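Take a look at the structure set out below.
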Amino acid sequence: MITVKAPAKINLTLDVIGKREDGYHEVEMVMTTIDLADRIDVALTDQSGIAVDCTAAYVPTDARNLAYQAAALMKEAYGIRQGIAIRIDKRIPVAAGLGGGSSDAAAVLRALDALLGLNVSREELAALGARIGSDVPFFVYGGTAVARGRGERIEPVPAPPPCWVVLAKPPLAVSTADVYRALRLDAIDQPPTTAAMVDALNRQDFAAVCRSLGNMLEAVTFSLHPEVRKLKERMQAFGAEGVLMSGSGPTVFALTQQLSRARRITNALRGFCRDVYLVRLLGDERQRA
Ligand SMILES: C[C@](O)(CO)[C@H](O)COP(=O)(O)OP(=O)(O)OC[C@H]1O[C@@H](n2ccc(N)nc2=O)[C@H](O)[C@@H]1O
Ligand SMILES: Nc1ncnc2c1ncn2[C@@H]1O[C@H](COP(=O)(O)OP(=O)(O)OP(=O)(O)O)[C@@H](O)[C@H]1O
């Protein structure tokens, strides 16, 4: 048996470039993994099938589970005859914009590769992951990266300078497909920020990282759920250096380099939001692992 961590991500940027023939959107975004992670046990069994068990009762454990799909793809691609048992200790909020399901899938791809000594290249694992979901290849790499295409083309970049991340998830689930469907490309009124973010990361300039935060899906989720905009405004008022919604939402995060400020924001948020987390970014060490 092997136990692996499946970290959540936040989007530092999310630029939508256009709509593609296949229905997906062409994006350019910077994502970074954070120290909030599911724990996943993966074991080989005598039975031939795949069994998934999850501590969160409302997450499906059948073929709809992205970790299940990862195991099924590995079985097919590498002729694995044994059964596979997966146990997910769910700590990442579900349908939150933090990529929990995608990270679980990537963790299972990496775990089976290690457990069976397959030595599959990262590129090949990422290509398999892309068949499960647009965010899975990013999690095969982890760390900080620019994702292009529909999210599957990954280019590692330096992690942001060390800082604290305060996350707040309002009590609602957001469907990524619904948000992309509601997006009107001709109504986007903010400029892309990915190039400026990559420049800020290369220069390790924290103030510029905060200035370059941007997410073109934010306005869409705000219009579907006005309370998410209110949450962002509150977090800004509490004095965070940078505040943004992650992915398709509804989680909003704040960045700050001062622990005392991070604690103050966290405590202020706890008054009216149940799901609040104070975590660190995962730095470059994951990128090298
Ligand atoms: C919002 C993000 O999480 C940002 O990281 C990703 O763009 C979404 O990644 P994901 O959840 O892995 O998405 P997928 O499972 O591949 O797609 C879910 C649905 O979102 C829409 N979708 C997703 C990615 C993309 N580049 N364009 C899209 O239009 C499609 O309608 C798709 O049916
Ligand atoms: N291993 C899993 N963990 C969580 N949800 C899963 C998993 N497998 C499938 N799902 C389904 O996927 C849906 C989205 O969950 P997830 O937590 O991955 O969303 P998300 O964080 O918004 O992801 P993204 O930002 O990639 O869109 C859930 O409603 C759930 O039913």
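FYI, residue positions are counted from 1 along the chain as it appears here.
Heads up, the Cβ atoms here are built off N, Cα and C, so glycines get one too.
The annotation active site is assigned in TrEMBL to K9, D135. The ATP binding site feature in TrEMBL is assigned to P93, V94, A95, A96, G97, L98, G99, G100, G101, S102, S103. For 65-143, the entry in TrEMBL reads domain 'GHMP kinase N-terminal'. Per TrEMBL, the feature domain 'GHMP kinase C-terminal' maps to 197-273.
The domain 'GHMP kinase C-terminal' (197-273): residue composition by secondary structure is 44 helix, 11 strand, 22 coil, according to DSSP. Within the set of recorded positions K9, P93, G97, G99, G101, S103, G97, G99, G101 have a CB atom less than 6 Å from some atom of ligand 2.
When pLDDT values are averaged over the domain 'GHMP kinase C-terminal' (197-273), the model yields 96. Proximity to ligand 1 (Cβ under 6 Å from any of its atoms) holds for these recorded positions out of K9, A95, G101, D135: D135. Using Cα positions, the member of the recorded positions P93, A95, G97, G99, D135 nearest to K9 (active site) is identified as G99. Separating the Cα atoms of D135 (active site) and G99 (ATP binding site) is a whole-number distance of 7 Å. In the three-state DSSP scheme, S103 (ATP binding site) falls into the helix class. Each of the binding-site residues P93, G97, G99, G101 was scored by how many other Cβ atoms lie within 10 Å of its Cβ, and the smallest score goes to P93.
Note: S103 (ATP binding site) has non-local neighbours A6, P7, A8, K9, A37, D38, I92, D135, F139, i.e. same-chain residues 6+ apart with C-beta under 8 A of its own C-beta. Within 10 Å of the C-beta of D135 (active site) we count 28 further C-beta atoms, all protein chains included. Under the three-state DSSP scheme, K9 (active site) falls in the strand class.
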